[in-house]
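Colleague: According to TrEMBL:
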type	residues	note
ACT_SITE	H410	active site
ACT_SITE	D461	active site
ACT_SITE	E470	active site
DOMAIN	33-482	domain 'Glycoside hydrolase family 9'
SIGNAL	1-29	signal peptide
Amino acid sequence: NQLLRLWTMTSLFFLVLLSSPLLTRNVEANPNYREALSKSLLFFQGQRSGRLPRDQQVSWRASSGLSDGSTAHVDLTGGYYDAGDNIKFNFPMAFTTTMLSWSTLEYGKRMGPELKNARESIRWGTDYLLKCARATPGKLYVGVGDPNVDHKCWERPEDMDTPRTVYSVSSSNPGSDVAAETAAALAAASMVFRKADPKYSRLLLATAKNVMQFAIQYRGAYSDSLSSSVCPFYCSYSGYKDELMWGAAWLLRATNNPYYENLIKSLGGGDQPDIFSWDNKYAGAYVLLSRRALLNKDSNFEQYKQAAENFMCKILPNSPSSSTQYTQGGLMYKLPQSNLQYVTAITFLLTTYAKYMKSTKHTFTCGNSVIVPDALISVSKQQVDYILGENPIKMSYMVGFGRSFPKRIHHRASSLPSHALLSKPLGCNGGFQSFYSQNPNPNVLTGAIVGGPNQSDGYPDQRDDYSHSEPATYINAAFVGPLAYFAAGRSA
């Protein structure tokens with residue numbers, strides 16, 4: 001009787017969830033997920049800093065930032081520009097690298113030929129992060145370029161004449177958040193390369209342990225140490241405890257060393273957020289740790305499984321404890337500034353938690369409603385399809401994907417003539433004519449996902465509207481996992 005009642009409740013809730021107007025609209029829509037996956041990874045080539053390799057496919061970009069680190073007498077070339085500017089901010093870059101690694105660990109077997117490209121995208125990030133962690137003992141470099149000056153200019157990365165100031169944290173100027181995120185990136189990547197390149201994997205893991213130790217020993221927020229150099233751009237608004245938990249969770253997964261389990265316990269319970277981003281890692285840490293409760297049947301991690309499920313209940317549209325708004329067209333709406341960064345990151349967690357649930361035949365409850373894995377997958381697929389063009393204005397928010405996509409993105413290199421066509425430097429102010437132009441960007445940054453539509457499902461496609469039209473590495477990185485999941489033919 002009890003089993004029958006549970007089955008009835010589950011079926012009823014699943015039917016209720018699927019009959020929600022948010023979810024029925026796109027049930028039949030199946031964009032080309034394989035193409036989207038390929039393009040989402042190609043985007044990272046357009047964001048590369050440093051000396052570009054011979055196999056660079058985004059040919060309108062050229063080498064840039066070749067003297068990065070020289071003011072501190074170290075080599076800090078490489079890595080990624082975070083968004084549409086020419087700055088290397090390590091805090092979001094490390095998160096980008098962690099999410100690319102997590103996507104590859106969970107979905108690599110479903111990526112087919114894109115697995116090689118995913119590894120290359122990760123390695124471009126980790127090669128740079130290794131330099132930042134190993135160049136000077138006792139110091140972690142956390143960024144290159146003066147954001148306050150850079151943001152007053154509109155020039156190609158190849159032409160940069162703004163100060164390439166180097167920023168670092170140390171025992172006297174701590175940065176537990178950026179250090180623990182760097183440790184998370186290196187630890188996660190070490191597992192990606194464990195079989196493909198064992199020597200590199202060992203270097204990543206050894207460095208991750210050292211950087212994590214630094215984060216633990218010298219506690220403090222990097223925003224306090226570096227103030228206006230990182231705020232308001234990538235301020236650590238949520239503090240550093242979430243990064244300590246996140247970094248320890250990744251090192252625990254990479255090493256199985258109880259030291260990291262004890263560290264997580266010593267941090268106590270975390271916040272109960274309804275968001276996941278480069279700044280707030282709690283929800284990601286809960287899902288990552290819940291893997292041990294579900295897949296390893298380890299009761300020590302039961303509280304994180306519960307926290308992960310509380311998070312899901314705040315996201316699902318028909319849950320009694322939902323605190324998430326959805327637009328009329330069905331898009332999750334968290335914040336006006338670059339909303340799609342939250343959508344892609346949360347969608348990753350929905351898909352991944354559903355995957356853990358499916359492999360263990362697990363269900364959970366939101367109030368009196370029983371949640372089955374396909375309920376999470378339905379919401380996830382709705383978000384993916386919306387971003388790829390199944391929305392009220394039929395606009396794909398991935399550049400170069402579908403018939404209609406953003407043409408005037410807030411991105412310096414994309415909006416200015418290619419260095420290959422015009423090698424003469426444009427200078428700090430030389431590009432503003434292009435910035436204010438209504439012409440489409442001359443270079444298509446294929447695969448870039450922009451900040452996205454407004455709360456009314458509208459998108460003006462204006463270059464100066466950066467909160468909607470600017471792409472960012474961390475928007476794409478989180479999207480790779482769900483795309484790989486659906487590309488492999490998984491759907492609700």
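Easy rule for this one: first residue shown is 1, then count along the chain.
Cβ from N, Cα, C; glycine included.
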Colleague: Just to verify a number: CA distance, E470 (active site) to D461 (active site), in angstrom, no decimals.
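Modeller: Rounded to a whole number, the Cα-Cα distance is 10 Å.
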Colleague: What number of additional C-beta atoms lies within 10 angstroms of the C-beta atom of H410 (active site)?
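Modeller: Counting Cβ neighbours of H410 (active site) within 10 Å gives 24.
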Colleague: Out of these active-site residues, D461, E470, which one has the fewest other C-beta atoms within 10 Å of its own C-beta?
Modeller: D461
Colleague: Measuring Cα to Cα, how many Å separate H410 (active site) from D461 (active site)?
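Modeller: About 9 Å separate the Cα atoms of these two residues.
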